[in-house]
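Here is what Swiss-Prot says about this protein:
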REGION    185-216  region 'Disordered'
REGION    231-255  region 'Disordered'
COMPBIAS  235-250  compositional bias 'Basic and acidic residues'
DOMAIN    259-420  domain 'PH'
REGION    359-381  region 'Disordered'
DOMAIN    441-561  domain 'Arf-GAP'
REPEAT    600-629  repeat 'ANK 1'
Amino acid sequence: MGNILTCRVHPSVSLEFDQQQGSVCPSESETYEAGARDRMAGAPMAAAVQPAEVTVEVGEDLHMHHVRDREMPEALEFNPSANPEASTIFQRNSQTDVVEIRRSNCTNHVSAVRFSQQYSLCSTIFLDDSTAIQHYLTMTIISVTLEIPHHITQRDADRTLSIPDEQLHSFAVSTVHIMKKRNGGGSLNNYSSSIPSTPSTSQEDPQFSVPPTANTPTPVCKRSMRWSNLFTSEKGSDPDKERKAPENHADTIGSGRAIPIKQGMLLKRSGKWLKTWKKKYVTLCSNGMLTYYSSLGDYMKNIHKKEIDLQTSTIKVPGKWPSLATSACTPISSSKSNGLSKDMDTGLGDSICFSPSISSTTSPKLNPPPSPHANKKKHLKKKSTNNFMIVSATGQTWHFEATTYEERDAWVQAIQSQILASLQSCESSKSKSQLTSQSEAMALQSIQNMRGNAHCVDCETQNPKWASLNLGVLMCIECSGIHRSLGPHLSRVRSLELDDWPVELRKVMSSIVNDLANSIWEGSSQGQTKPSEKSTREEKERWIRSKYEEKLFLAPLPCTELSLGQQLLRATADEDLQTAILLLAHGSCEEVNETCGEGDGCTALHLACRKGNVVLAQLLIWYGVDVMARDAHGNTALTYARQASSQECINVLLQYGCPDECV
């Protein structure tokens with residue numbers, strides 16, 4: 001067993017050996033056979049020595065004192081530790097080598113003696129295989145058994161007993177009668193339930209243990225309870241708090257940000273060639289932004305997000321016509337089938353199963369059946385119609401998919417409502433702050449009040465609110481849609497009320513008005529019928545395309561021997577805006593980038609910046625002049641703009657990437 005036990009032994013022993021039969025006769029009191037048949041029966045023993053029958057009586061309310069407070073009885077004939085048979089029990093050195101102990105047991109054999117004494121002993125007992133063969137092991141076990149229920153405080157993981165100092169404890173027990181059974185066998189049944197089994201380290205008989213029983217006449221002493229960690233110091237780490245941390249974070253999701261009007265998990269198809277579907281945490285806020293994150297944790301930390309501006313986007317559902325956005329509180333009944341199925345592939349097999357969004361319901365009837373290839377990393381998703389897409393004004397597309405029809409329709413309804421709300425209040429925050437300035441409002445009003453700007457440049461509709469920057473004209477909202485279809489290389493459309501208007505753009509619009517532009521773009525329109533406010537869209541579109549795209553009504557070039565590029569250089573040097581606009585309308589990109597002769601190497605942009613004319617500089621850039629060009633001296637247009645101290649020209653050149661040599 002190998003355990004070191006400190007105990008007190010105070011038995012009243014009465015041993016009587018039968019000289020004739022070689023056994024001990026029982027006394028008048030009830031007897032009990034202890035250790036008659038145990039595993040130590042096969043150990044080497046002297047022939048004359050036989051197992052002893054003992055009668056142990058312990059007085060009631062017996063308080064034991066420490067061994068140093070007691071004196072040895074005078075009637076003690078000899079020291080029990082000097083007995084060769086007890087030498088292995090009462091060792092002075094409890095850590096004596098086991099081999100030496102076994103050798104001593106084999107050599108020291110003595111005959112039985114007759115004695116009847118009382119001992120008051122306290123010693124360190126080293127229980128091992130050699131100790132198990134000693135004659136006084138029975139008394140030792142009995143004494144230790146009486147001591148254990150009162151002194152055990154805790155039990156280690158390896159089931160090792162630890163008895164505190166005996167001086168600090170006292171005990172009182174009733175009279176215990178250990179009797180011997182008449183049939184010859186015996187066990188310590190009265191105390192077996194109080195003795196915890198200790199694993200033995202012996203290799204000879206590893207299965208030896210005290211047999212447990214349930215019928216115990218003496219009450220079982222309660223073991224000391226382990227202190228719980230409920231009252232531990234707050235300085236240490238609390239694992240329960242750490243486990244509950246994610247739950248506490250759920251209460252503060254999105255703290256410090258706008259509360260989403262709808263949020264949840266959706267599948268999103270990647271834009272790569274693999275076209276895999278991955279789970280995303282999607283939020284829809286009242287600011288007109290649809291944001292998706294890789295996970296809920298990223299949303300809580302507000303990292304790795306991507307936003308979609310719904311103000312310039314639309315939503316589409318496969319197989320359905322776009323419907324008007326309704327209130328978010330109005331229930332929408334989903335159709336059983338939208339008539340369109342599409343084979344798509346998905347990402348991880350388990351990614352289809354996820355928690356639904358907060359404001360959507362889940363129908364178990366509409367859940368797709370589990371795929372037989374769910375354990376694979378990728379599999380094809382067949383005929384899934386719970387998807388929708390968002391298309392931006394630039395043509396970019398985002399594909400999303402919900403778990404059910406109801407959830408998809410709830411997302412579509414919420415997004416459509418937000419798109420409508422964004423369009424109704426589509427003034428940008430920057431334009432709002434600028435329009436609050438009285439000076440800018442007066443500048444825009446002055447542009448509208450200029451000659452010819454009170455009517456649309458193409459259909460004569462009153463009070464136009466839209467403009468074409470490179471043409472320098474104002475137009476109605478219907479004609480502005482047609483101008484958008486021409487492309488930005490022909491017409492750059494902006495709103496007077498919704499877009500930003502920096503100083504250089506306001507100067508361009510103030511320099512070119514509708515009458516000046518029509519004198520150039522409609523210079524040869526004699527005999528043509530110009531559309532009016534009541535004309536159809538087809539008639540307006542036909543006129544606009546003929547006027548700006550085909551240039552059928554463009555005024556002719558002046559008769560001169562100079563090339564168009566040289567004429568443009570001269571018009572720029574003379575700051576002749578009308579002639580420059582006419583030349584730019586007729587010219588090509590090569591002619592616009594023509595340089596001055598005589599080894600100067602200056603382009604029209606160099607000349608415009610030397611003059612500090614931001615209107616001509618801006619028009620030249622819009623018509624394709626090279627902002628990176630250098631003259632014969634290696635100077636860029638920005639160098640001449642700095643020499644002219646024209647901050648407007650400097651801002652325009654830096655905006656379009658002209659190299660800044662001063663940096």
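Using N, Cα and C of the backbone, Cβ positions are placed for all residues, glycine too.
Tertiary neighbourhood of the repeat 'ANK 1' (600-629): same-chain residues 469-470, 492, 504-505, 507-508, 511-512, 568-569, 572-573, 575, 577, 580-581, 584, 587, 589, 592-594, 635-638, 640-641, 643-646, 648-649, 652-653, 656-659, selected by CB-CB distance under 8 Å and a gap of 6+ residues from either end.
Break the domain 'Arf-GAP' (441-561) down by DSSP state and the numbers are 48 helix, 11 strand, 62 coil. The predicted model assigns the domain 'PH' (259-420) a mean pLDDT of 70.
Across the range of the repeat 'ANK 1' (600-629), the DSSP-based residue counts are 17 helix, 0 strand, 13 coil.
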